[in-house]
Amino acid sequence: KIYERCELARTLKKLGLDGYKGVSLANWMCLAKWESSYNTRATNYNPGDKSTDYGIFQINSRYWCNDGKTPRAVNACHIPCSDLLKDDITQAVACAKRVVSDPQGIRAWVAWRNHCQNQDLTPYIRGCGV
């Protein structure tokens, strides 16, 4: 599913991401835009460590989910990676909460550091009523 911007903003807010661990909704929206263009089905393979990034937040199979093909995977979210590709993003959000609970927080995502850090993020939620 490719979310419309305000639809995603409302969904993420409903699922409790706004302000979670001090991360604003606009930051999550920026992250989702740059990681997946709001597409729940996005996948990207990383040849270096043979891991794959899954879903709207591009959550990685080395640490966070099990895809049955990543060497030395940890599966800290205790889910199959396929759960991160569903139209219903409840489990993807739950896993993102787990990721951001680690010490580096939202800085765990390179796309956030490259595109969202120290930027004006208001356009990501403007006009959405959130």
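Here the Cβ of each residue, glycine as well, is placed from N, Cα and C on the backbone.
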Cysteine from Cys65, Cys95, Cys116 that Swiss-Prot links to Cys81 by a disulfide bond: Cys65
Cross-link partner of Cys116 (disulfide, per Swiss-Prot) out of Cys30, Cys77: Cys30
Second cysteine of the disulfide that Swiss-Prot assigns to Cys77, among Cys95, Cys128: Cys95
Residue pair Cys77 (disulfide bond), Cys30 (disulfide bond) - Cα distance, angstrom, rounded: 22
Within the predicted model, mean pLDDT of the domain 'C-type lysozyme' (1-130): 98
By Cα-Cα distance, the member of disulfide-bonded residues Cys65, Cys116, Cys128 nearest Glu35 (active site): Cys116
